[in-house]
There are 2 protein chains.
Amino acid sequence: MSTPFDRIRRFLDDQQPPTPCLVVDVDTAADRYRALAAAFGPATRIQYAVKANPEPAVLRALRAEGASFDVASPAEIDLCLAAGARADTLSYGNTVKKPSAIAMAHAAGVREFACEATDDLENIARHAPGAEVSVRLLVDPPASVTPFGRKFGCAPDEAAALLVRAAELGLDPAGISFHVGSQQLDPAAWDGAIALAAKVATDAAARGARPRRLNVGGGLGVSYTDQAPPVTAYAAALRSALHAHFPGEAPALVLEPGRAVVAEAGLIRCEAVLVTRKSAMDPHRWVYLDIGRYNGLAETENEAIAYRFEPVGEHTPDDGPVIIAGPTCDGDDVLYQRTPYRLPLSLRSGDRLDILAAGAYTASYSSVAFNGIEPLRTYCISGGRLISAE
Amino acid sequence: MSTPFDRIRRFLDDQQPPTPCLVVDVDTAADRYRALAAAFGPATRIQYAVKANPEPAVLRALRAEGASFDVASPAEIDLCLAAGARADTLSYGNTVKKPSAIAMAHAAGVREFACEATDDLENIARHAPGAEVSVRLLVDPPASVTPFGRKFGCAPDEAAALLVRAAELGLDPAGISFHVGSQQLDPAAWDGAIALAAKVATDAAARGARPRRLNVGGGLGVSYTDQAPPVTAYAAALRSALHAHFPGEAPALVLEPGRAVVAEAGLIRCEAVLVTRKSAMDPHRWVYLDIGRYNGLAETENEAIAYRFEPVGEHTPDDGPVIIAGPTCDGDDVLYQRTPYRLPLSLRSGDRLDILAAGAYTASYSSVAFNGIEPLRTYCISGGRLISAE
């Protein structure tokens, strides 16, 4: 069976671009979007989280599939519009924004803004009069692989008050939003948050503000070294939580996947620059790659995301334990020293490796030039052929 | 008394560039270099760690002072040469490098390479025949603020063997190097490492390879919220350790400061985009800045570097506890939630703050465009006037 990784590998083997590089198969991103849309049904609005991978070719492919977009900044608005997205399919999901950013978004035609604080709400009323507002709720979900902590959202009482205040300010108190943490492998994690949102909705409705949408964020997991549940399991769990906690008229569901759309569409090819032992007695080898935390693998911080590595070419079946590190002179640029990884004993300096499912939260996180190392290059393919290179 | 921060603030108040931005007073970087050179004396070679801040104006100012340079990649070699540095004042300090990088450095005239593994040594012999080699030793110093862990260096036996092998390969076994961790606030931290290096030097000399230089790395601390010892304290401690452990002819000292040269030359001006409480009962306010971990403050990871913040303009003397966070939609983009920070109760959304001693490891760490937020802009001033803007 042909997998997206096969198409990417064929491209890499043919073209041999310099490593490290990320190749994104935009057909796979479109496939994943379609699978989500099918699992959640036409009543669910799917807003792709642009931050996961803002490549123009990815945005164009998703726009063609009918996706909406979750944007974090004026620059992401520009990217989506340049990719042909209609402004009314964009949602300004960042609750931290300057008045100038709100005014820019409003002038561009963006109608919906996330909000979690009175100051921001008043800025929205001033610079985007009449806008739809989605109030972000602080929730306390089960742990995810990369949790949000308490950074975003406000307490339930505050959320209801903001919806009411939005209406008073002439804004449309359209929705409630929350996020249960990125790479959330437990489909039941949304249940408590949906219950809390239902309480806020009831409370706000009693005071005349009736949110009609429920934005349950992203967070759907993908398979790295761990196996993620299928999309259909998330859809079933969310549907059942919605029915349980909104026994009357349920709000329309909004989903903001990033990783679940684009991670499995990408593969990074890199090189083992150095394979060595610190001493003859060292039980494990240190494998230093030409990619690390500062040029694409930022999500290895605290070893959160454990990527799947596959050596390229022929190797012995025998393997041994390794510590995997990046190419900068920075002591923090070690990818995995606690997570047990094994690589072939035949691996040598100069050998190449593939990092699977690396399409999300990689290239856009790259540093501009830390240690003089350039940001991760991205090549986008469709139909197996190159359609863009940056 | 006029401080470098006063000159920077005068520039910022006059010019009002958009925030966030970093302003580097290159005169201060030159001053700090001169203070180091005076404290360590003319026999010590000072190689500025370019990665700390690779701004061309900084490199030019240091070159004019007679500095040498520690480079981590071909791109950093190009930057130094473009700033007018002679190739023989560059040392390739990264032990992780491709054969193509070694060949490029050799062709550019770079003579010295750090090394910690046989594969790399053989690559150096092949692509930079006759080069000077400095073997990096894995040391176990007292904790520093941002320690190196075990990423770099090899065991003492291996280090001695590499020096011997370098000579056999026609290379010059010129030195031993190590690093005791960045922002190392204990001047005595070098003592054990110098003792270990003396053992390696004796061992290698007995086998015919006599290293004549000892590269003690960087790591000298600067004052953020904590006070760092004066440069003279580091110089005294290092001199005394050198005399104690090399009772005969001591090797020439090489120092690779980055932070100690450029941190206090820089100040970041930023804006509090949002100041809010999660609920009415929340004892602390959340202050969301327009700068965070992904556009300049990478060293706040694990709250390692605790920067000094000073609000701009008039504020009440009353203050209260705050959690400080960055502008992206990322849950990890929280700067300080355990480190106790207090800011004026009068601080409002839209107010500006200065981040002091922010010239090192900030702009060059910025992500290319995470969340569509542009990398931190740098303005360099000299004599109080703008000399470069990027």
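Each position is counted from 1, following the chain as shown.
Any Cβ shown, glycine's included, is placed from N, Cα and C.
So that you can see what the record holds, here are the features copied from TrEMBL:
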DOMAIN    A:31-263  domain 'Orn/DAP/Arg decarboxylase 2 N-terminal'
MOD_RES   A:Lys51  N6-(pyridoxal phosphate)lysine
DOMAIN    A:264-359  domain 'Orn/DAP/Arg decarboxylase 2 C-terminal'
ACT_SITE  A:Cys329  active site, proton donor
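According to its DSSP assignment, the residue listed as 'N6-(pyridoxal phosphate)lysine' is helical.
Across the domain 'Orn/DAP/Arg decarboxylase 2 C-terminal' (A:264-359), DSSP classifies residues as 8 helix, 43 strand, 45 coil. On the 0 to 100 pLDDT scale, the model's mean across the domain 'Orn/DAP/Arg decarboxylase 2 C-terminal' (A:264-359) is 96.
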